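Participant: Below is one structure. I have some questions about it.
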Number of protein chains: 2
Amino acid sequence: LDDLLQESLLSSASGYSNYRGILNWCVIMLVLSNARLFLENLLKYGILVDPIQVISLFLKDPYRWPAACLVIASNIFIMIALYTERRLSVGAIGENVGIIIHSINLSTVLFFPVATLLMVNSVTPVGGVLALAVYTILFLKLYSYKDVNKWCREIHLSPTVSAFISDMYYFVFAPTLCYELNFPRSPRIRKRFLLRRLFEMLFFMQLLVGLIQQWMVPTIQNSMKPFQDMDYSRMIERLLKLAVPNHFIWLIFFYWFFHSSLNFVAELMQFGDREFYRDWWNSETITYFWQNWNIPVHKWCLRHFYKPMLKRGMSKWVGQTAVFLISAFFHEYLVSVPLKMFRLWAFMGMMAQLPLAWLVGRVFQGNYGNAAVWISLIIGQPIAVLMYVHDYYVLHYGGEEPAAPVLLS
Amino acid sequence: LDDLLQESLLSSASGYSNYRGILNWCVIMLVLSNARLFLENLLKYGILVDPIQVISLFLKDPYRWPAACLVIASNIFIMIALYTERRLSVGAIGENVGIIIHSINLSTVLFFPVATLLMVNSVTPVGGVLALAVYTILFLKLYSYKDVNKWCREIHLSPTVSAFISDMYYFVFAPTLCYELNFPRSPRIRKRFLLRRLFEMLFFMQLLVGLIQQWMVPTIQNSMKPFQDMDYSRMIERLLKLAVPNHFIWLIFFYWFFHSSLNFVAELMQFGDREFYRDWWNSETITYFWQNWNIPVHKWCLRHFYKPMLKRGMSKWVGQTAVFLISAFFHEYLVSVPLKMFRLWAFMGMMAQLPLAWLVGRVFQGNYGNAAVWISLIIGQPIAVLMYVHDYYVLHYGGEEPAAPVLLS
């Protein structure tokens, strides 16, 4: 006969704290809930995935490839940057002339595709985003290229390596935005690693397209009516419904791009520095998230924008705000131009990160901070997506609900 | 310029394993998904919670309280057990006579309420379940009472304490099924603890009723058509849809009964042993779950059923099977009689635990075993619920879909 006093485990007095099984519970509940949503979606809509239709995302007119032509034309700007640096390195032109040529070249890199996209009608929104993304990356790379070469000349280091075209194109294709004279190189290409990343790239690409067609598009279409009627409780319901596929798609995109694709390219080029992301999933502040989820951009901002600003005597706070400002500019640039619709939702979404970061940092600590970061990601993105889609529908269809998926037709 | 080779965190070569943020992610995704379901439910059905309707769960005819009368009548059987033990303790009747009287008394405790419920038409299913639960608990307590008193006589320990009515009723109301001559007692009643448990009892009671009315009943009603048409993909979808509210309701019931209510009663009675449950949420085998989620019943089975069987030379395996057999009997007893419908789904559900436990034990280890236990809980229960509700509908409405919630009318 047991004669001891004993508290229940869930009483605080018991001092018990092993809830390892709860994590499994969470995962199972998530899988089961989403399995049901998936089945309901299939029963309601049938199979919407259509690989042929995907082609129409990229091509409006099969005889004209404006986005591809834009990407090919970008070689001109690479050549101009390389030629300018060659002339500067031998002293054939002065530093000031160099700055002027680079400035004109970089401005053209930014605004030449904008002008083209706005004038040419046969570009689809997806084709436009891809072309602009290539030009944005090129802008950041060429900016870094000119900076590093200038710094080398300042310390009288002869940057002979940079004079070769092969060296320039290694940098253009390498998974980094920051130029260096000698990149860290991995000793060999691991074939098994390469094949695994290639398989992931292909698989997650298919999965992304499938999820968007099967899950995202019908949900967005069902959201248009509540948003036109300004039916608030239905709007919130639709927003939460959209948040789940949107978030999964973003997570898969993150893995597909930052892990599979960049590692594939790096392995192929024996590029040694694979730090494309850090542990942003443990972020306890908004700032930590932005500093860790996209390391190539973060490193570029730090090296070519934030630190030079501090050197010129700006305060840290002004520097941070400026970084968010150019980030907001590029977010807006990549969305507004392809949609040919200037609404500033993306710009404001990025700028809203500053007061949000301040608020989260003051109010939430530790795990609560981490939860706040997740919520801002899960809820923030679909708000911006719905804003743009809503305005796009209203603009192109005058508030009338279209019968077929507009973005895909 | 950083010259170190570096792997991505998600590459296995990095050796990184801190995914603490993922737990927060899981919790947030679950909360958001269910917040949406809740909102969708409200928008679709309006508010279905109706406290007045709850009364009709217990009373069909306000002038007749058959279930309450049954509970009051149970005092007769307590008195018979007490009186028999008094006579035995002074040697006024022999052991064999005692066994016969106890056997008749205990059989009556089990079958008197069954006969009453089957004959009296004014008992609601909920009233019937409550009355049967009281009689089942009483059966287990009186069985334990006779065993312990016999064991004491066998070692010539005079069980004088048990001769007092107050002592008997302390055991009847105490949150345990195992009789002891001296229960462990807590030194004082902690008023703050008592009030907190009382508040939880009232709050979770309301929540349970509300969730059943708002979430469970409409989901069950929407499931009837696919189950009549034998539309398999819709049946699975409905089953998964029902699994979520059913599981939450079971979890809340667990906390409400095993933590709040039993601790409240224990604190009020200064009952010291509060081990009403152990860490079943970390179960890695089905057996561990059944041994740890309901400790009062587990202790009773071990002390008064399993160990006596082993003493009589039965093997462990036979003993375990027998424990599951009587558990299956009582599950069926508590469901079939109030519904007046003998289908054996509950019996078979419990008996299925034996091959399931064997299978899970052989195939899954550690976290995978834990996941298998959770899945069997989350999926197994709604299958049994749907079986009974389906048969109840078919029996009472001939396959016709009723307009109003049948169980509540």
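Here the Cβ of each residue, glycine as well, is placed from N, Cα and C on the backbone.
Feature list, courtesy of TrEMBL:
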- A:H331: active site (ACT_SITE)
- A:21-39: transmembrane segment (TRANSMEM)
- A:65-84: transmembrane segment (TRANSMEM)
- A:96-120: transmembrane segment (TRANSMEM)
- A:126-143: transmembrane segment (TRANSMEM)
- A:198-217: transmembrane segment (TRANSMEM)
- A:248-266: transmembrane segment (TRANSMEM)
- A:317-336: transmembrane segment (TRANSMEM)
- A:342-360: transmembrane segment (TRANSMEM)
- A:372-390: transmembrane segment (TRANSMEM)
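For the listed features, I'd like the structural context: burial, neighbours, distances.
Facilitator: Sequence-distant contacts (6 or more apart, same chain, Cβ under 8 Å) of A:H331 (active site) comprise A:A346, A:F347, A:G349, A:M350.
Within its own chain, the transmembrane segment (A:126-143) has Cβ neighbours under 8 Å at 57-60, 66-67, 70-71, 74, 77-78, 81, 102, 105-106, 109-110, 112-114, 117, 171-172, 177, 179, 297, 300, 304, 330, 333-335, 337-338, counting only residues six or more beyond its boundaries.
Counting residues 6+ beyond its ends, the transmembrane segment (A:198-217) has Cβ neighbours under 8 Å at 38, 41-42, 45, 47-51, 53-54, 242, 245-246, 248-249, 252-253, 255-256, 259-261, 264, 405, 407-408 in the same chain.
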Participant: Give the helix, strand or coil assignment DSSP yields for A:H331 (active site).
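Facilitator: SS state of A:H331 (active site) = helix.
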Participant: Which sequence-distant residues neighbour the transmembrane segment (A:317-336)? Criterion: at least 6 residues beyond either end, Cβ under 8 Å.
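Facilitator: For the transmembrane segment (A:317-336), the far contacts come to 110, 114, 129, 132-133, 136, 297, 301, 305-306, 309-310, 342-351, 353-354, 388.
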